[in-house]
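K.L.:
Here it is, the structure, as structure tokens.
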Amino acid sequence: MEFSVVKKIACPVEQCGHFGRTDNIRKHLISVHRYSEAQMQEFSNSIVYSRAKSRASGVWKCPRAGCENLCNTQQGTIKHIKLKHPGEEEELIPKINFDKTPRQEIKVVQRILRRHSNPSREPREFRYKCPFEGCTDTVTSRIILVYHAREKHTTPDKKFILQRECFESEDDFKTWFTARKLETNAKFCTRRSNSDGMKRMINYVCSSEGHYKPRNEPKFTCKTLDGKNCTAFVNVTVHEESGAHSVIACFTHTDHAVKPKYVRKKSTKPRKSRAKPKLENPKVEQVPVTFQNNLDIDPDVYDGEEEIEYNQEDQDLAQDLAQNPYSNEIDQNLEYVKSTLGHIDEFIEKLKMGAEKNEEILNISRKLQGYVNEIVDVANQYLTAKEIEQVEQHIEEEDVLNEQVPKVSSFCQLCRLPVSPYENLIKTMDSWHNCYNCGVRVHEKCFMITGKDECRSCQYGMYVKILDA
């Protein structure tokens with residue numbers, strides 16, 4: 001014989017059979033059975049009586065003539081007088097002992113006990129339906145669903161087994177849970193989680209269980225939900241004080257297939273190396289002249305050509321040259337240019353490694369075009385044609401370079417940004433390349449874009465890497 005919870009009662013109308021909480025029963029009596037105020041007062045008094053009986057205590061009655069209101073506490077009766085009988089003086093509120101309470105209200109309690117003990121009443125609809133085709137059985141819990149599947153739907157491939165585990169900490173549980181998911185190629189999602197202060201219950205169910213409910217727009221997803229229940233589940237009980245985790249689980253799925261491509265696994269493919277390719281050192285025959293002190297090469301290799309070095313006068317002259325008034329702004333923007341050229345390096349690496357689709361190359365090319373346009377805008381803003389002309393004219397008048405050195409352009413042949421050996425005049429990139437035939441200079445970044453050693457200006461000489469002074 002089963003007893004109902006105190007919070008749920010039966011409808012006092014004979015042959016109704018409605019069963020629910022007190023507030024819902026009140027609404028049910030007014031809307032369905034059209035109870036009057038007197039009948040509702042009688043029903044409320046019966047609820048108060050049932051509570052008094054369960055507590056073995058009395059009830060408090062309203063002292064006003066003609067009012068039959070009952071309350072379980074004296075404070076409740078005082079509140080009733082202030083709401084229903086305002087402006088009247090409070091009198092001594094009489095208390096009715098349990099034995100003097102009318103016996104009529106016992107019907108509600110008796111109907112509560114008969115509600116579950118009546119064998120002729122049909123059982124309520126069970127929640128979990130068997131997901132196997134041709135089976136119409138329903139059960140009350142997921143654990144019973146596993147027992148049902150083990151008894152009637154077991155196959156050599158699928159044996160529905162319940163596992164019971166206990167872990168001392170959350171880390172131990174997560175380690176075990178992750179290993180089990182990888183072994184069974186299963187994915188779970190949290191269905192519900194609740195707590196009562198002492199322990200916390202977490203329910204995990206199969207991710208393929210449930211229905212797909214579209215919102216405003218249709219969602220294109222690779223996962224199909226057929227609305228059927230699945231026997232795979234994990235119920236976790238977390239004890240707040242000790243931190244222990246009690247687990248009862250089943251990792252055997254029903255008829256739906258677990259698709260491996262939907263399961264997250266660690267990739268076994270080797271990662272592509274993003275290391276920048278190292279530039280090979282130029283051969284000695286390709287370096288006829290050196291323009292820096294830090295390149296010490298035997299001049300006999302160049303068939304009698306003498307090594308040219310900057311003398312002390314040239315270095316002093318370079319320090320005496322006037323600085324550009326926009327040098328600080330140029331420095332800041334050149335830092336931006338360096339970061340932008342880093343994107344160009346990534347573009348070159350992707351081209352070298354090979355892209356799988358032409359669309360990807362097209363998108364990268366468009367981004368590269370935008371980066372180059374930004375570089376040109378920065379250069380045009382802070383380096384006007386007049387300033388460039390003044391710098392070149394000043395270098396020619398002072399005759400900074402030795403006459404044996406071919407005439408050298410102070411700006412990159414490709415991007416037109418400055419490339420000067422004088423640090424105090426205009427700060428440039430870390431290194432640059434020089435054509436030994438016509439003297440045209442290009443940045444190392446710009447040189448890497450072309451990937452060719454032949455000079456684009458004279459198409460005769462070759463670019464040689466020179467370190468910045």
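A Cβ is built for glycine as well, from the same backbone N, Cα and C atoms used for every other residue.
Taken from TrEMBL, the feature domain 'C2H2-type' applies to 62-85, 130-153. Annotation source TrEMBL lists region 'Disordered' at 263-282. Residues or ranges marked as compositional bias 'Basic residues' in TrEMBL: 263-276.
What's the neighbourhood like for each of these?
P.N.:
For the domain 'C2H2-type' (62-85), the model's average pLDDT works out to 83.
Using a Cβ-Cβ cut-off under 8 Å and counting only residues 6 or more beyond its ends in the same chain, the domain 'C2H2-type' (130-153) has close neighbours at 159-162, 205, 228-231, 233, 235, 248, 250, 252, 254-255.
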K.L.:
How many of the residues that make up the domain 'C2H2-type' (62-85) does DSSP mark as helix, as strand and as coil?
P.N.:
11 helix, 2 strand, 11 coil
K.L.:
Work out, from DSSP, the number of helix, strand and coil residues along the domain 'C2H2-type' (130-153).
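P.N.:
Per DSSP, the residues of the domain 'C2H2-type' (130-153) fall into 11 helix, 2 strand, 11 coil.
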